Amino acid sequence: MKKLIILGSTGSIGRQTLDVVRSLKEEFEIVGLTGYNNVSLLSKQIKEFRPKVVAVKDEEKARKLRENLDEPIEVLTGKEGLKEIVKYEADMVVVAVEGIAGLIPTVEAIKLGKNIALANKEVLVTAGEIVMGLVKEKKIEFLPVDSEHSAILQCLKGNNKREVSNLILTASGGPFRGKKKKDLVNVTVEEALKHPNWKMGKKITIDSATLMNKGFEVIEARWLFDMPLDKIKVVIHPQSIIHSMVEYVDGSVIAQLSVPDMRIAIQYALNYPDRKYVEGVKFLDFYALGQLTFEEPDFETFKCLSLAYHAAECGGTMTAVLNAADEVAVSLFLQNKINFLEIAEIIEEALENHKNIQNPTLDDIISVDLETRERIMRKYLR
């Protein structure tokens with residue numbers, strides 16, 4: 001039985017990971033779970049999966065959690081709790097916690113030699129060089145949970161990486177595919193949250209609407225697969241059936257296809273290199289599929305994608321600024337404090353005003369993250 005710790009078990013990916021575990025209960029044992037605010041859902045998860053230890057946001061949430069439980073359990077709190085929980089004996093840590101909060105526990109888990117299933121974008125976007133350096137040093141398995149990166153991993157398997165011509169990440173184009181800037185000035189939060197194919201959390205859904213999500217995935221792919229940026233392409237594929245492709249030097253393209261269901265990518269990371277069927281996952285019906293279509297991304301309208309490429313080319317702490325500025329800008333948009341197009345404007349301004357630090361330490365990255373957030377919030381929440 002493989003022992004798992006799931007960071008962020010009450011979020012979208014965390015819940016789907018537990019779906020996979022529920023379907024494959026003979027394969028996995030849950031050692032630890034963490035939830036931020038959702039004490040009631042975490043209580044239910046504890047009763048079902050019976051972990052040894054859990055972690056929550058603060059002491060107040062810990063008290064509420066203990067009140068909800070019949071049996072005593074070790075409850076850790078705060079940022080220290082996230083660092084502490086990965087020290088428990090486990091074969092794999094699933095990093096499904098949102099935001100920069102996922103960085104330190106991931107680094108701690110790698111240092112302890114634990115395999116990682118990564119569903120957090122910020123870890124590689126902000127600190128890819130440091131993290132992948134540790135992965136190589138510790139010789140652990142570091143497996144992507146993102147459907148696009150999982151697809152690339154599968155398309156590379158059994159092939160010579162030196163023969164890769166391009167990694168091709170697919171993007172649905174989000175709810176505003178085909179629109180121009182003038183059409184996007186007055187879009188509402190509700191419209192931006194209507195993703196055509198995937199059910200996800202609010203932050204990642206807005207990032208999909210701006211194409212920043214794809215920009216983050218380009219940066220992640222660079223570090224995960226040790227590939228130069230000019231060999232990582234993005235193509236709009238509205239049906240979200242092809243999850244990504246690898247083009248080889250002979251002109252062959254290998255693609256991974258499936259229905260849009262995150263549990264397929266999750267099970268692959270948890271069972272790697274094996275595959276297991278997860279109850280409820282549908283198979284593709286090629287007769288009913290109809291057309292698969294492809295378009296070039298509109299870098300002018302969806303400027304976040306080009307900002308991500310720019311930050312990645314600059315390196316250093318620029319990607320930490322990109323990430324922090326995006327997180328604050330999306331939060332402001334969700335609160336109706338700014339319009340949709342201002343998300344990219346805020347990020348661009350933050351990048352222009354930043355004095356880049358090359359070869360940053362983790363402390364540099366965390367302090368740049370904090371400074372960027374504070375600067376933007378001071379300006380927009382006066």
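Using N, Cα and C of the backbone, Cβ positions are placed for all residues, glycine too.
Owing to the predicted nature of the structure, the values given are computational and were not obtained by experimental measurement.
Same-site candidate for 1-deoxy-D-xylulose 5-phosphate binding, as annotated by Swiss-Prot with Ser147, Glu148, Ser172, His195, Ser208, Asn213, Lys214, Glu217, chosen from Lys111, Lys114, Lys121, Lys276: Lys121. Swiss-Prot annotates Thr10, Gly11, Ser12, Ile13, Asn38, Asn120, Glu122 as NADPH-binding residues; of Gly173, Gly174, Gly178, Gly201, the candidate listed for that same site is Gly201. Comparing C-alpha positions, Asp146 (Mn(2+) binding site) sits nearest to Glu122 among the binding-site residues Thr10, Glu122, His195. For Thr10 (NADPH binding site), applying a Cβ distance below 8 Å and a minimum sequence separation of six or more within one chain yields Gly35, Tyr36, Asn37, Asn38, Leu41, Leu42, Gln45. In this entry, Thr10, Gly11, Ser12, Ile13, Asn38, Asn120, Glu122, Gly201 make up the residues listed for NADPH, with the farthest two CA atoms of the set 22 Å from each other. Ile13 (NADPH binding site) and Lys121 (1-deoxy-D-xylulose 5-phosphate binding site) have their C-alpha atoms 12 Å apart, to the nearest angstrom. Cβ neighbour count within 10 Å across all protein chains ranks Gly11 highest among the binding-site residues Gly11, Gly201. Counting only same-chain residues six or more apart in sequence, the Cβ atoms lying under 8 angstroms from the Cβ of Glu122 (NADPH binding site) belong to Glu98, Gly99, Ile100, Gly102, Leu103, Asn323.
Ser12 (NADPH binding site) and Glu217 (1-deoxy-D-xylulose 5-phosphate binding site) have their C-alpha atoms 18 Å apart, to the nearest angstrom.
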